[in-house]
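Visitor: Below: one structure in structure tokens.
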């Protein structure tokens with residue numbers, strides 16, 4: 001008897017935002033105390049962001065990941081001990097090592113010895129992690145994967161730089177992916193170009209117990225915008241081609257929630273109506289690797305994304321990295 005083709009499909013989603021919601025006006029008031037001028041109108045006009053969430057000083061990235069993971073596991077209705085692969089996409093890990101994924105595995109009480117590791121592709125991290133987990137499952141190496149995007153970007157923001165500190169927030173999103181004979185993940189594409197590493201980076205490093213270089217995020221906004229709008233359409237089309245789907249067959253587009261102008265530009269280039277694009281950047285800000293699974297969970301739980309629908313995710317981030325996946329939910 002011929003062996004059936006193995007696929008991976010999304011069983012459940014989850015997300016978590018720390019309770020400290022900071023509006024643009026509240027952030028502007030904080031910055032004004034240090035002589036930094038900005039306003040709600042200025043931020044909204046350039047980014048579409050109205051608010052973001054910041055984690056408390058004693059809350060770690062793995063803490064955020066833990067809650068999102070619990071919610072995804074509950075939604076998937078799986079035994080945590082059946083999860084034999086954990087991938088955490090983050091650029092703000094708890095420690096230099098061990099990985100946030102190992103810390104999360106322990107917090108979840110998973111004792112089966114399954115693989116656990118982090119992926120560092122910044123805002124493309126979740127797209128990278130999802131594609132990697134899909135490959136592991138399709139080849140039979142693992143059967144049930146927990147993929148988490150989690151960030152505490154507030155820890156690396158320079159609050160004297162209004163061009164970056166107004167953009168980012170903290171949060172986590174998660175999905176449970178499981179082996180299935182029914183197609184789920186239909187096509188993925190991943191890319192990087194290290195020659196653009198300087199346009200979005202946090203260049204500091206630990207050297208003999210001292211942070212060498214800047215530990216703050218640095219960004220050339222214009223260069224990032226120009227590159228992002230160019231590569232996102234191309235990688236989306238590539239993933240669609242691998243999935244044997246046309247753009248008009250996509251029910252929902254979930255772009256990395258970086259900036260409403262980048263998001264709408266990609267949506268327009270793909271010929272999709274704006275109504276099919278999931279937008280959470282207005283309330284969450286840019287949560288880097290957490291932004292796509294956060295938006296996915298919001299749209300699943302409010303009933304917009306339904307079983308059987310086609311979803312296209314795409315992300316672009318520091319590195320420079322970019323990626324996309326198409327899946328049937």
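Glycine is no exception: its Cβ is also placed from the backbone N, Cα and C atoms.
Relevant sequence annotations retrieved from Swiss-Prot are reproduced here:
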- 123: active site (ACT_SITE)
- 256: active site (ACT_SITE)
- 257-261: region 'ACP-binding' (REGION)
- 286: active site (ACT_SITE)
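Looking at the shown structure, what environment does each listed feature sit in?
Guide: For residue 123 (active site), the same-chain residues that are 6 or more apart in sequence and have a Cβ closer than 8 Å to its Cβ are 256, 258, 286, 288, 289, 291, 315, 316, 317, 318, 321.
In the three-state DSSP scheme, residue 256 (active site) is classed as coil.
DSSP assigns residue 286 (active site) to a strand in the three-state reduction.
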Visitor: Taking the Cβ of residue 286 (active site) as the centre, how many other Cβ atoms fall within a 10 Å radius?
Guide: 23
Visitor: So what's the mean pLDDT when you look at the region 'ACP-binding' (257-261)?
Guide: 96
